[in-house]
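Participant: What follows is a single structure, and I will ask about it in a moment.
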Amino acid sequence: MSQIEFKNVSKVYPNCHVGLKNINLNIEKGEFAVIVGLSGAGKSTLLRSVNRLHDITSGEIFIQGKSITKAHGKALLKMRRNIGMIFQHFNLVKRSSVLRNVLSGRVGYHPTWKMVLGLFPKEDKIKAMDALERVNILDKYNQRSDELSGGQQQRISIARALCQESEIILADEPVASLDPLTTKQVMDDLRKINQELGITILINLHFVDLAKEYGTRIIGLRDGEVVYDGPASEATDDIFSEIYGRTIKEDEKLGVN
């Protein structure tokens with residue numbers, strides 16, 4: 001059984017723009033799958049359809065054999081609890097502490113009123129501190145999040161997903177706004193938790209060299225369709241040119257070695 005299955009998935013926006021066209025994909029547990037393609041190719045739409053931040057128009061998406069497309073109420077909340085999300089612009093409460101932001105990953109496990117009052121049990125705080133230690137910012141736990149650098153804020157996002165105890169992490173252009181050194185640190189963190197914890201990573205990346213260096217699998221999208229799906233080791237520059245529909249520009253390669 002695949003951990004994520006896209007079955008005949010299509011997405012048409014109200015303005016009639018076609019975001020996804022009949023997508024059929026299976027993502028296995030423990031994969032580090034990278035989605036690549038030009039801006040507007042459907043990368044974010046595909047990624048965000050997994051946890052239903054974007055609802056699809058037709059088809060069905062399954063998480064560990066259960067349809068998230070048809071899930072509602074508590075069943076949907078329980079499925080989403082298993083899927084962490086990392087955004088390009090961090091999506092943190094900037095005036096809150098690092099620890100409080102990481103603890104927000106536990107919201108799906110408790111009544112809303114407890115979370116509003118900040119009544120997190122001791123076990124949750126231990127999980128949050130462990131997650132911060134894993135991404136090497138435990139010493140920042142009591143600082144305000146907006147006092148940290150962009151790279152450190154993205155690591156808070158990763159720690160939040162870990163504290164959530166997600167088996168799947170979706171990362172939507174998580175390093176697009178970071179410098180090369182910080183990019184390497186964040187990507188190394190994602191690879192480490194993928195390899196050590198077996199967490200499945202599905203990530204959108206703009207840069208070709210990052211996709212090849214960190215991904216185990218490349219999924220190429222063009223105009224909402226999958227035009228390449230194979231091992232990262234076999235994704236040549238010619239294949240990337242086919243995905244992009246043109247020659248790859250130097251500023252789209254960006255390695256981190």
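For all residues, glycine too, the Cβ spot is worked out from N, Cα and C.
So Swiss-Prot lists these for the protein:
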type	residues	note
BINDING	G37, L38, S39, G40, A41, G42, K43, S44	ATP binding site
DOMAIN	4-248	domain 'ABC transporter'
Participant: Could you name the residues, excluding G37, L38, S39, G40, A41, G42, K43, S44, of the same chain that surround the ATP site, i.e. Cβ within 8 Å of the Cβ centre of those residues, in sequence order?
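Facilitator: Going along the sequence, the neighbours appear as T45, L221.
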Participant: Look up G40 (ATP binding site) in the DSSP assignment and reduce it to helix, strand or coil.
Facilitator: coil
Participant: Looking only at G40, G42, which of these binding-site residues has the biggest number of Cβ atoms within 10 Å around its Cβ?
Facilitator: G42
Participant: Identify which of the binding-site residues L38, A41 has its Cβ surrounded by the largest number of other Cβ atoms within 10 Å, counting every protein chain shown.
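Facilitator: Checking each of L38, A41, the winner is A41.
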Participant: So what sits near K43 (ATP binding site) in its own chain, CB-to-CB under 8 Å and at least six residues off in sequence?
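Facilitator: Correct list: I35, V36, G37, N204, L221.
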